[in-house]
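**Student:** Shown below is the structure under consideration.
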Amino acid sequence: QICNQHNAEAPNLEQAFHRMAQTEPNLDHNVSWFLLPSYWAKMVVALISFLCFANSYDGDFVFDDSEAIINNKDLRAETPLGDLWHHDFWGSKLSSNTSHKSYRPLTVLTFRINYLFAGGFYPVGFHVINIILHCTISVLMVDVFSILLGGLQFSNKGRRLNLAPKTSLLAALLFAVHPVHTECVAGIVGRADLLCALFFLLSFLGYCKAFRENKEGHNFSIFWVLVSVILGAIAMLCKEQGITILGLNAVFDALVINKLNILELIRKLLHKDKSLENAGLLRKGLLFRITLLMSGGASILYIRWRIMGTGPPAFTEVDNPASFADSLLVRAINYNYYYSLNAWLLLCPWWLCFDWSMGCIPLIKSLSDWRIIALAALWFCLIGLICQALCSEDVHKRRILTLGLGFLIIPFLPASNLFFRVGFVIAERVIYLPSIGYCILFTYGFSLLSKQAKKKKILAVAVLGILLINVMRCALRSSQWRSEEQLFRSALSVCPLNAKVHYNVGKNLADKGNQSAAIKYYREAVRLNPKYVHAMNNLGNILKERNELQEAEELLSLAVQIQPDFAAAWMNLGIVQNSLRRFEEAEQSYWTAIKHRKKYPDCYYNLGRLYADLNRHIDALNAWRNATVLKPEHSLAWNNMIILLDNTGNLAQAEAVGREALELIPNDHSLMFSLANVLGKSQKYKESEALFLKAIKANPNAASYHGNLAVLYHRWGNLDLAKKHYEVSLKLDPTAPGTKENYNLLRRKLEQLQKKGG
């Protein structure tokens with residue numbers, strides 16, 4: 001009994017802890033494992049966790065890093081800090097219909113700090129912070145597991161005792177080297193899970209501190225309970241799962257601090273037993289603490305709900321097919337199958353994939369599907385563990401199994417589809433926290449086997465072998481996360497039916513200029529998912545560039561038919577129709593794209609090109625001006641305005657536009673070149689020469705730059721320099737139009753001058 005503040009007959013808290021230490025069995029007695037001082041144990045865990053993921057430190061930005069970091073304007077200094085509190089993880093407004101409602105402002109803030117300190121998008125700093133975070137979390141796990149496995153007890157001086165040094169070290173090592181954590185550590189967006197886990201553990205440890213007897217002799221500290229709630233709120237602001245620590249703290253309080261027997265309590269509640277007060281539930285201390293936790297949790301959730309709005313996130317069927325199934329039975333079966341796959345990833349983390357959606361796991365639609373066996377196995381194990389956790393006569397066993405199941409299941413609930421639809425089938429990153437429960441159960445099972453085994457050292461060697469295998473698997477998986485090419489290709493053998501895997505391999509190849517190979521993977525993505533509009537759009541783009549316009553048009557038309565608001569596909573369809581000289585249809589496609597995406601500078605640019613081809617010069621200039629208003633650094637739109645005004649004889653206006661453009665993009669050599677041409681025609685030779693030379697310095701291998709500078713010198717009468725730059729231009733591009741003729745004219749003129757001089 002620990003509530004002497006409210007019950008004069010209850011013994012002192014420290015005496016209760018002392019008695020607990022004497023009467024409860026110790027897991028370490030049965031285990032043949034390394035016994036290290038706490039400091040050395042933490043050093044070993046830190047070192048091994050570092051070795052597992054150290055080779056990811058110089059990896060690239062991969063997969064979701066592009067959207068969450070590179071394309072996220074919230075990382076840039078010009079974005080007000082206040083915007084972070086109104087935007088989601090990807091930089092979109094929470095009020096937007098397209099927002100995923102993933103509200104993680106503190107994680108984004110750390111990305112922003114990384115960006116500012118690095119002076120740009122350099123991935124090394126981002127990766128190093130992730131590795132340090134995982135090492136820190138793994139070290140904290142030594143303390144957490146010592147409490148979960150050995151109980152919460154303090155010395156006479158108020159220092160917490162570690163009564164399970166061997167098993168807590170083993171559990172912490174299992175956590176540190178688990179390969180399923182690679183996505184969180186090697187993938188930069190996994191920072192959300194790491195920060196969430198850090199404050200999750202700090203909240204738990206803070207809650208444990210509440211029960212260290214203070215100077216006034218009170219049995220718990222309200223201050224530390226409130227600190228725990230605040231740390232839980234911080235964890236949730238890093239990632240949504242963080243809120244679950246408040247529930248786990250309540251479970252820990254009931255089981256470890258108040259030693260409630262859940263089965264006995266349920267029995268008394270059902271029979272309305274008058275002795276319920278003696279069961280421990282109605283003790284003022286427990287009820288007060290749980291009330292604090294529940295009130296804090298409800299307040300946090302309400303504030304978050306008000307910030308993010310009432311609308312649910314928008315996901316598509318390909319993100320989570322089971323959640324769109326019409327039959328409740330089909331949904332339930334597939335959700336449970338997903339749970340069994342998550343459990344398997346914890347048990348055997350060999351087949352890992354960056355994305356498990358888009359056909360990677362086909363739906364179970366019939367009870368005759370052999371995969372039903374996985375569901376049966378999962379629930380057989382869970383029911384067995386739950387029965388032991390509730391019915392065992394061994395108090396120690398009940399406590400450890402209940403805590404293990406609690407840490408396994410409760411942090412997973414936000415990803416379970418039970419309360420709301422999630423945007424994935426399986427995500428390895430969401431198992432980071434539930435793996436704590438797995439490590440507890442594994443370690444407890446190991447202690448039970450050790451108790452029965454005659455040759456305990458052989459069992460210890462087997463567990464050591466598992467750890468070594470996991471270390472090697474972590475190192476291998478980390479190397480795969482170093483680049484998109486390795487990451488995407490590693491998924492082909494794990495999820496060959498996943499259209500997104502083939503799409504990403506194709507996109508990676510296309511970005512590297514290997515269009516032929518990219519076409520193969522894009523076609524396979526469309527075959528696996530005939531409604532995959534992004535694959536159709538990218539494939540259509542490549543075919544357009546290869547002048548295979550008919551098939552490109554068919555693909556893009558199908559894409560906009562499937563998803564009528566797909567603005568990029570409408571724009572690309574317009575480009576193809578323009579190339580096929582179907583100008584009215586192209587114009588209509590461009591305007592449809594702008595209708596669905598009002599701020600679309602590239603579409604305005606292409607619309608301007610269409611109007612220029614139709615000699616609708618005013619419309620072309622207006623379209624390009626719109627592009628530059630929406631995107632001031634749109635160099636192509638600025639260039640086309642200058643060139644069109646130049647070609648139509650509006651030299652003064654062309655000069656004004658050129659100067660405006662160079663003020664906004666001062667280092668763009670193509671703008672320097674275009675403005676230099678205009679100035680040359682306006683006989684502003686000196687200024688024109690300076691711009692030509694500056695453009696050539698920035699891009700010395702552009703034949704046209706040398707050729708047009710030569711023309712300027714030719715007009716200006718500086719014939720020797722004109723001859724020099726004509727020759728450089730012809731050397732760079734012997735087929736340059738007009739340059740050879742101008743060079744021949746100059747040579748004849750120079751010959752005539754020599755004859756006259758002779």
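Cβ from N, Cα, C; glycine included.
Remember, TrEMBL labels are computer predictions, not curated facts.
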**Student:** According to TrEMBL, which stretch among 188-208, 692-712 corresponds to the feature transmembrane segment?
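**Tutor:** In TrEMBL, residues 188-208 carry the label transmembrane segment.
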**Student:** According to TrEMBL, which of these ranges is transmembrane segment: 243-266, 339-362?
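**Tutor:** Matching range for transmembrane segment: 243-266.
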**Student:** By Cβ distance under 8 Å, which residues at least 6 away from the ends of the repeat 'TPR' (703-736) in the same chain are close to it?
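**Tutor:** Distant Cβ neighbours of the repeat 'TPR' (703-736) are 669, 673, 676-677, 680, 685, 688-689, 692-693, 695-696, 742-743, 746-747, 749-750, 753.
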**Student:** The transmembrane segment (286-305) vs the transmembrane segment (220-237): three or more C-beta pairs under 8 Å (separation of 6 or more)?
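**Tutor:** The answer is yes, given that the two segments have at least 3 Cβ pairs within the 8 Å cut-off.
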**Student:** Suppose you look only at the repeat 'TPR' (533-566); what would the mean pLDDT be?
**Tutor:** 95
**Student:** Flag the pair the transmembrane segment (243-266) / the transmembrane segment (39-57) as in contact if three or more Cβ pairs fall under 8 Å (sequence separation 6 or more).
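**Tutor:** Taking Cβ pairs at least 6 residues apart, the transmembrane segment (39-57) and the transmembrane segment (243-266) are not in contact, as fewer than 3 fall under 8 Å.
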**Student:** What are the DSSP helix, strand and coil residue counts for the repeat 'TPR' (533-566)?
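**Tutor:** Looking at the repeat 'TPR' (533-566) with DSSP, the answer is 27 helix, 0 strand, 7 coil.
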**Student:** So which residues does the transmembrane segment (220-237) touch in its own chain, when a touch means Cβ under 8 Å and the partner is 6 or more beyond its ends?
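**Tutor:** Residues 103-106, 195-200, 202-204, 206-207, 209-212, 214, 243, 245-246, 249, 285, 289, 292-293, 296-297, 300, 304 contact the transmembrane segment (220-237) from elsewhere in the chain.
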**Student:** Would you say the transmembrane segment (188-208) and the transmembrane segment (430-449) are touching, if the rule is that at least three C-beta pairs must lie under 8 angstroms and be 6 or more residues apart?
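**Tutor:** In this chain the transmembrane segment (430-449) contacts the transmembrane segment (188-208) - 3 or more Cβ pairs sit under 8 Å.
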**Student:** Short question: most Cβ pairs under 8 Å with the transmembrane segment (163-182), which of 39-57, 188-208, 458-476?
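**Tutor:** Stretch with the highest Cβ contact count: 39-57.
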**Student:** Quickly jot the same-chain residues contacting the transmembrane segment (458-476) by Cβ under 8 Å, restricted to those at least six beyond its ends, or write none.
**Tutor:** 31-33, 48, 51-53, 55, 170, 173-174, 177-179, 181-182, 349-350, 446, 449-450
